[in-house]
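K.L.:
Structure in structure tokens, see below.
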Amino acid sequence: MSHALPIAAIATAPGRGGIGVVRVSGPRLDAYIRALLGRDLTPRHAHYLPFLAEDGERIDEGIAIYFQGPHSYTGEDVLELQGHGGPAVLKRLLARCLEAGRSLGMRLAEPGEFTRRAFLNDRMDLAQAEAVADLIEASSEAAARGAMASLSGEFSQRINDLSGRIVHLRMLVEATLDFPEEEIDFLEKYQARPTLDGLRQDLDTLIAQARQGIILREGLHVVLAGQPNVGKSSLLNALAGDDIAIVTPIAGTTRDKVVQEIFIDGVPLHIVDTAGLRETEDTVESIGIARTWKEIERADLILHLQDATAPGDILDVDITARLPARTPVLAVFNKIDLLTSTAQLAENSIGISAKQGLGLEELRARLLQMAGWNPGAESPWLARERHLHALQAARDHLDIAAEHASHDDRVLDLFAEELRLSHESLSSITGKFTSDDLLGEIFSSFCIGK
């Protein structure tokens, strides 16, 4: 168990609410609780009592619960005071908790410090700790379910299973190296090659699932780009199901970006409506157009809206030529309801009517397809970019190990080293091999009371 100094913080969100919670964590809080509340508390029981200032003035009244370590969130002794959720009351209650713990060196908790202590005290691994933040930040039911799956250990179990198999394979290599006089090829005897192939296949599956988990967690930055009056704002409103952006027949109405988050099959998409792209003498509109190009540069996907009644417009050709080659682009021809005959759209484009709602379901499906979302392979857990990088690194090291294993004159010490590096990459996901700098970066993104 950790022997760090005790910490305290308000654990509920800022603002007014029916209930507010102040949380304290530290080693051996029995005497502290007695001094703060004037009585002992039975662990894991709710006690209704007054919360008093040092001079006996009643600050509030509510429920006190004592969780004795190591059977607590942080693995240390934890005290939670549940009172009324007014900011002034909670600030006074927190100040009283810190005052009562002054002799113990109690201080205000840093962001994420309660969860960091839970990690350091082996109450959860690093992937589970990240899932706590993801659950708090989840903006859809699908994301919340994925975060809960990670928090319950489903992702970590997959990592630990792969790690265990790599360690076993490495043990066979070391045995072959350490006992050459036995004339036993442990790698051949225990079918090391099929084991290695199976590991690579399972890692491929895990990498694909991680990509799905990243999309579910982070969503995509989708920019609507095109000339003025091609229907970008109308499309934003149609996708959002609300009048988010102003729509008029006047060219140049949108002069700054408008961002709206929508969900398609639980996947968050951050749709950005932008100023129409054209040559203009208007200073304000020019600023908006410059911002549009900046948004285009940072987009995950670009919807290039064009007027279906004027295909092949020279300005659309110029815009297409300027769009970044590294970013997926979908040409969307709007106003198909105004066409008098069946028009032949450009290959790999889509026709819609934002005003009439035509083609929007196909557009939603194409957005998910271009994002790489596969509903049939939905990740049961959320993932982060660092998880994907670690999984890919582990896979790369196994590929190199396979090359060493395939040679007649196998270089077993290099084979063993690649297995070690693969195992280390996987272990960085759960925090068994993780730098202090990375831990600081992860936990600093938490709210203070968590």
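Glycine is no exception: its Cβ is also placed from the backbone N, Cα and C atoms.
It should be emphasised that the depicted structure is a prediction, and the values quoted were computed from it without experimental measurement.
The (6S)-5-formyl-5,6,7,8-tetrahydrofolate binding site annotation in Swiss-Prot covers ARG23, GLU80, ARG123, LYS450, and the record cites sequence analysis as its basis. The domain 'TrmE-type G' annotation in Swiss-Prot covers 219-372. Under the heading GTP binding site, Swiss-Prot lists 229-234, 248-254, 273-276. Positions annotated as K(+) binding site by Swiss-Prot: ASN229, THR248, ILE250, THR253. The annotation Mg(2+) binding site is assigned in Swiss-Prot to SER233, THR254 on the grounds of sequence analysis.
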K.L.:
Express the distance between the Cα positions of LYS232 (GTP binding site) and ARG23 ((6S)-5-formyl-5,6,7,8-tetrahydrofolate binding site) as a whole number of Å.
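P.N.:
Just about 48 Å between their Cα atoms.
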K.L.:
Out of LYS232, SER233, ALA275, which has the highest number of nearby Cβ atoms, where nearby means within 10 Å of its Cβ, if these are the binding-site residues?
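P.N.:
The largest 10 Å Cβ neighbour count belongs to LYS232.
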K.L.:
Work out how many Å separate ASN229 (GTP binding site) and ARG23 ((6S)-5-formyl-5,6,7,8-tetrahydrofolate binding site) at their Cα atoms, rounded off.
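P.N.:
Their Cα atoms are separated by 54 Å.
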K.L.:
Provide, as an integer number of angstrom, the distance between the C-alpha atoms of ARG123 ((6S)-5-formyl-5,6,7,8-tetrahydrofolate binding site) and SER233 (Mg(2+) binding site).
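P.N.:
Between the Cα atoms of ARG123 ((6S)-5-formyl-5,6,7,8-tetrahydrofolate binding site) and SER233 (Mg(2+) binding site), the distance comes to 49 Å.
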K.L.:
So, three-state DSSP: helix, strand or coil for ARG23 ((6S)-5-formyl-5,6,7,8-tetrahydrofolate binding site)?
P.N.:
strand
K.L.:
According to DSSP, does GLU80 ((6S)-5-formyl-5,6,7,8-tetrahydrofolate binding site) sit in a helix, a strand, or coil?
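P.N.:
The three-state answer is strand.
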